[in-house]
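Asks: In case it helps, TrEMBL gives these features for our protein:
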{"type": "ACT_SITE", "residues": "128", "note": "active site, proton acceptor"}
{"type": "DOMAIN", "residues": "134-384", "note": "domain 'Radical SAM core'"}
{"type": "BINDING", "residues": "148, 152, 155", "note": "[4Fe-4S] cluster binding site"}
{"type": "BINDING", "residues": "213, 214, 245, 267, 268, 269, 344", "note": "S-adenosyl-L-methionine binding site"}
{"type": "ACT_SITE", "residues": "387", "note": "active site, S-methylcysteine intermediate"}
Ligand code: SAH
Ligand code: SF4
């Protein structure tokens, strides 16, 4: 029996294949989902809305799309019938297609999302997006690119060729899809039995850019998407609860801090240049010293807004006591949190995850030096929703799931970052 059948039989996975949530969509027209205020303004202008009305109309659309989660223009009752008809004739509120949704027994959800085709030769880029609910927060892990141009040796996404950057609208659309699916709109309710936070806040309270891609290689669209996500009259996510993770694109870090004002996570993974050159090859361009200098200069850095340093635990590679002590020494003077990530193996990967005792010992050294050093708790093991494992082609995913189950390997990783204290 294939793993998915076995798991389903055991009641672990609810798989909804070929799910399409493009409710209310008229075929053909461009979707307004994910657009910025300026883009909405242009869209209204293009259908003849007079200049003097534009500001008000954008505000109305904004409220319906991003505050209420409207799926039809017909719902927008404070806009005239004529305008609604014009909008419906020219545009849609279609979401990207949800090809499949998998729900882990721990409540973690993973969606395979297909973006609309951009031309006759494009069948539509596929990306993955993961939702990790906890009692007091819900974290959405979003992708910024399809694939990645970088080739970190322990990362599965790095083996996939880059198809393209995602647009800001496609990045925002991941949040819209998640909210649709878990009923996170004012008049919606979560699906029967769904695990969502119960602290009275939003079901998606945190965003991490830790899916596919290097966000700082798509920084313009990432910043535009963050502006839409954090807008106080729409999706209202706090910038303190948005974390952008980078492998170390030093020249763009200042801009991210100054313009997006989000939390920063750095994929450090090694404390010596020789090893980091191999694990995170962008280190050959921007070495550890340059990277840490850029961290010290990150706008808004303070004890209340620390940088998270991610460190993947690779058996016999970067996990010695000496590595832990060097890590502490390197980060001296930088307000930091250290996140130890158990390595998530994938077929063909040449590393193993450090033994649990080794991770504990490493964590102990870091903790004694005064750093909180949470080890990411395994989440979504049964649906392969782990960092570094996201690779969108459905077939490959199935093959990997089968292989990993045969080898007794589980996926792990939780993305509980941002305003965590
Ligand atoms: N490109 C960005 C963000 C996406 S990767 C970056 O590299 O920071 C998100 C995190 O998952 C990074 O810290 C990355 O190093 C880590 N990661 C990648 N592959 C992994 C794996 N196989 N096991 C554990 N963590 C992994
Ligand atoms: Fe790209 Fe990040 Fe994976 Fe490196 S770890 S290959 S930067 S997605």
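Backbone N, Cα and C atoms are what each Cβ position is placed from, and that goes for glycine too.
The shown structure was predicted, so the numbers you read here are calculated from the model rather than taken from an experiment.
Let's see these features in context: how buried, what's close, how far.
Replies: All protein chains considered, the CB of residue 128 (active site, proton acceptor) has 25 other CB atoms within 10 Å.
Neighbour density for residue 148 ([4Fe-4S] cluster binding site): within 10 A of its CB lie 23 other CB atoms from the protein chains shown.
Contacts of residue 268 (S-adenosyl-L-methionine binding site) defined by a Cβ separation under 8 A and a same-chain sequence distance of 6+ are given as 276, 288, 291, 309, 310, 311, 327, in order along the sequence.
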Asks: Can you tell me which of these recorded positions sit near ligand 2, meaning the Cβ is under 6 Å from at least one of its atoms: 128, 245, 268, 269?
Replies: none
Asks: If I restrict to non-local contacts, at least six residues apart, and a C-beta distance under 8 angstroms, what lies near residue 245 (S-adenosyl-L-methionine binding site) in its own chain?
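Replies: Residues satisfying the criterion: 208, 209, 210, 215, 265, 266, 267, 308, 310.
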Asks: Please list the recorded positions from 128, 155, 214, 267, 344 whose Cβ falls under 6 Å of any atom in ligand 1.
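Replies: Checked recorded positions vs ligand 1; flagged 155, 214, 267, 344.
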Asks: Would you mind reading off the Cα separation of residue 155 ([4Fe-4S] cluster binding site) from residue 214 (S-adenosyl-L-methionine binding site), to the nearest angstrom?
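Replies: Residue 155 ([4Fe-4S] cluster binding site) and residue 214 (S-adenosyl-L-methionine binding site) have their Cα atoms 12 Å apart.
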Asks: Near residue 344 (S-adenosyl-L-methionine binding site), how many other Cβ atoms are within 10 Å of its Cβ?
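Replies: Excluding its own Cβ, residue 344 (S-adenosyl-L-methionine binding site) sees 27 Cβ atoms within 10 Å.
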Asks: List the Cα distance (Å, whole number) between residue 128 (active site, proton acceptor) and residue 148 ([4Fe-4S] cluster binding site).
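Replies: Cα-Cα distance, residue 128 (active site, proton acceptor) to residue 148 ([4Fe-4S] cluster binding site): 13 Å.
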